[in-house]
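As structure tokens, the structure follows; a few thoughts come after it.
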Amino acid sequence: MSLRDKIDNFKKPFAKGEKYEKWAPAVNALDTFLFVPNHTTKKGAHIRDGVDLKRTMITVVIALIPALIYGMYNTGYQHNVQTGEAVDFMSCFMFGLWKVLPMIVVSYAVGLGIEFAFAIYRGHEVNEGYLVSGLLIPMIMPVDIPLWMVAVSVVFAVVIGKEAFGGTGMNILNPALTARAFAFFAYPTFMSGNKVWVADASTTDAISGATILGQLAEGKGDKVTDVLNMVHDKYDAWSMFSGAIPGSIGETSTLWILVGAAILILTGVASWRIMVGGVIGATIMGLIFNVFHVNALMTLAWYEHLMIGGFAFGLVFMATDPVSAAQTTKGKWIYGVLVGMFCIMIRIFNPAYPEGVMMAILLLNVFAPTIDHYVVEASVNRRKRRLAVKQLKTT
Amino acid sequence: MSNDIRIKKGLNIKLKGEAECLLSEAPRSKVFSIKPSNFHDVTPKMVVREGDTVKAGETIFFSKYSSSVKFVSPVSGKVKEVRRGAKRVILDVLIEADATDTFVEHGVKSLAAMSSDEVKQSLLDSGCWPFIKQRPYDVIANPADAPKAIFISGYDTAPLAADVTFALKDKKDAFQEGVNALTKLTTGKVHLSIDKTSSSYFKEITGVELHGVSGPHPAGNVGVQIHHIDPINAGERVWVVSPQDVAIIGTLFLTGKFDASRVIALAGSCISEPKYYQTKIGASVSDIIGSVSEDCRIISGDVLTGDKVTADGFLGFYDNEITVIPEGNNYRFLGWMPFKDNSVHSYAKTSFAWLSGKKFDANTNINGEERALVVTGEMEKVMPMDVYPMQLLKACMILDLEKMESLGIYEVVPEDFALVDYVCTSKIEAQEIIRQGLDVMIKEVG
């Protein structure tokens, strides 16, 4: 008996009209992960592209892997370098793996559990969107956040952020960022400050858990210049770029995020327009601040802004979420540029949020439909004008 | 030519089994069929009964709500059966053909001396009227309308499509006469679009405005051409006729007969010798393709817009092609993995298929399941019009008439969304959604 026959046998009680019919979406979800189904076209075009949502979503997961592996290594590295333990790749990576893996397991278990429950309740197939969100959520959390907080954030993001709006494809905000924003406001002591960004920093006095942006935001007035100098002594441009700095698990390494970005752009899965637009927006804003440095914080070089904090990660993996981003080609440019500009603006002007990318993306998520509206309206107006010209001629 | 249309967005799907430019005579079918479902939005009113003898060109049924529009028999013979479905809907009318056709004689007419109304009347009486279709809505034209222009697309860019110039190579006079007849029906222009690189006689046709078209599919779709030549505004009507039907109209005036003969392409990877056949509208497909394996799907029309027919089915009224491709009712283990199964054609770059220069053996597998719309920007890549496809589809789903109108529903028909069907990651039935949207517009706006 082949595997296929075994599955078909197992699925019999879940068929239409059978006893466990309503549980079918759950079984189908597992089945279609093993086999692309044998469904043939019933109407419309007789042939269909080989791509499906699973393939698209898994491509994003693949693009996340380099940053994830580096994130696990960096979790260990940031910890070990301060405690004086071994900093070779394997020991750092294993340390990080044991910290991060439980978060990923919790995120997937809770999130997919809810997705399956809603699919069964609503009688539709399980959408694959959470495969990406479920990996993104642990990657944008600080390493020491308790697992139950991860779970609660996931519940909020999936139920309120997504299913309340009708499920995959209907949400206004990016689900992963919704989870982070929830944790950020609900458990601020675990999500901000100088004690959370390196493993065990909150329990061990010897370990400092401050991020670069966090330190800069703490410094007031002229002290910022001192902090800037201190930061530059501690971290050179290469560590900022390669990611050997404290931060949320997956977001520190601009290098490996760029590898992910290359995968996303080459496969056409994420919009390069949003990414390029975001870099342009952030660069413009950074340059403006560099030129008119009214305060010391504005002297942080524009290119350093691109490398530190979650800017690169947010722009590549979250701002490009096709559901919550602008959907039209022109809209994507506008949206991308604005994400970049707002991110840097929030960093400089709002001391409550040392990192601006989360707020910038969520804000623009809200405005994306408006941007699209005006872009589409341009086409609508061209059509109306054509009609008006025509009517003018005939009368 | 200054009237050229260059299409950039779109997609040529390279498939195995393209018809070779060889013409054979298909054996004459014993039974022919006329199917009311080929004529969208027409309710048939039968004129003949089972057992009646009919001549070629004799009325079989007419349109209940537009009684001057008649549908005629392609051959002479005996009405064998009127097949009905649920609620006694007429599925098709089968006509047992005589060995040779006797025609209803309409008499040779000189177009030059005829008025617009006389031409119209001849077309209606002879059963040629259903060849004239109307945009918006993609339905048979209303004889009472005055269209602002008439469009003929002499270039079919669909995958495995029949080469129009080959199919019509011996019909120059009939085609010219057909064009002459059409020029009588509009005060506007008759536009003929041709493959820019073609060297056929289409370039010498007089009385038309010629457009050279280049670019990937759907460049040959008449709707795309209309959009770039003279777009349809709210309240306007344009008519379209496909080139082989222009020749049938021309033959009517030259010979006085309704000549239902067509040159069709037989294509697809299930066919061992794909080539062209001389046959007639409504012919039985088994007489053309012989026997094919049960694992094949027979399509009257092309792979993107055609209708599935059974092995004992018939050629559709408007179709000039039969495509036979394998059914895809098989499972693919872990087939969703990126860059696995690269032999499955794909426009998306999550597979190496787009790099491959070879032709694909496409089957009818959906390659996934329907999902919520997530991916953006992919539909726009195959929509060479100033239309936002996803927004328009969503407007059609919620039947927001005002939005549909402002987003350009009048300018599109289902076939323009065929490639959207194809590329959509979420496997949305775009053509069906557009058809439903258009049907609501017919009812509400008219």
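Every residue, even glycine, has its Cβ placed from backbone N, Cα and C.
Per TrEMBL, FMN phosphoryl threonine is recorded for A:THR211. Residues or ranges marked as transmembrane segment in TrEMBL: A:56-73, A:93-118, A:130-160, A:244-267, A:274-294, A:300-320, A:332-350, A:356-376.
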Point to revise | Same-chain residues at least 6 beyond the ends of the transmembrane segment (A:244-267) whose Cβ lies under 8 Å from its Cβ atoms | key: 59-60, 62-72, 74-75, 77-78, 96, 100, 103, 136, 138-143, 197-198, 209-212, 235, 275, 306-310, 312-314, 316-317, 320
Point to revise | Ranked first among A:56-73, A:130-160, A:274-294, A:300-320 for CB pairs under 8 angstroms with the transmembrane segment (A:93-118) | key: A:130-160
**Study point:** Intrachain residues whose Cβ lies under 8 Å of the transmembrane segment (A:300-320), provided they are six or more past its termini
**Key:** 60, 63-64, 67, 136, 139-140, 174, 176-177, 211-213, 216, 228, 237, 240-241, 245, 247-248, 250-251, 254, 257-258, 260-261, 264, 270-271, 274-275, 278-279, 282-283, 285-287, 289-290, 335-336, 339-340, 343-344, 347, 354-358, 360-361, 364
Point to revise | Assigned element (helix, strand, coil) containing the residue listed as 'FMN phosphoryl threonine', judged by DSSP | key: coil
Practice item. Tell me the Cβ neighbour count for A:THR211 (FMN phosphoryl threonine), meaning other Cβ atoms within 10 Å of its Cβ, over all protein chains shown. Key: 27
Exercise for review: With a Cβ cut-off under 8 Å, give me the same-chain residues at least six positions beyond the ends of the transmembrane segment (A:274-294) that come close to it.
Suggested key: 261, 265, 300-303, 305-306, 311, 315-316, 319-320, 325-326, 332-345, 348
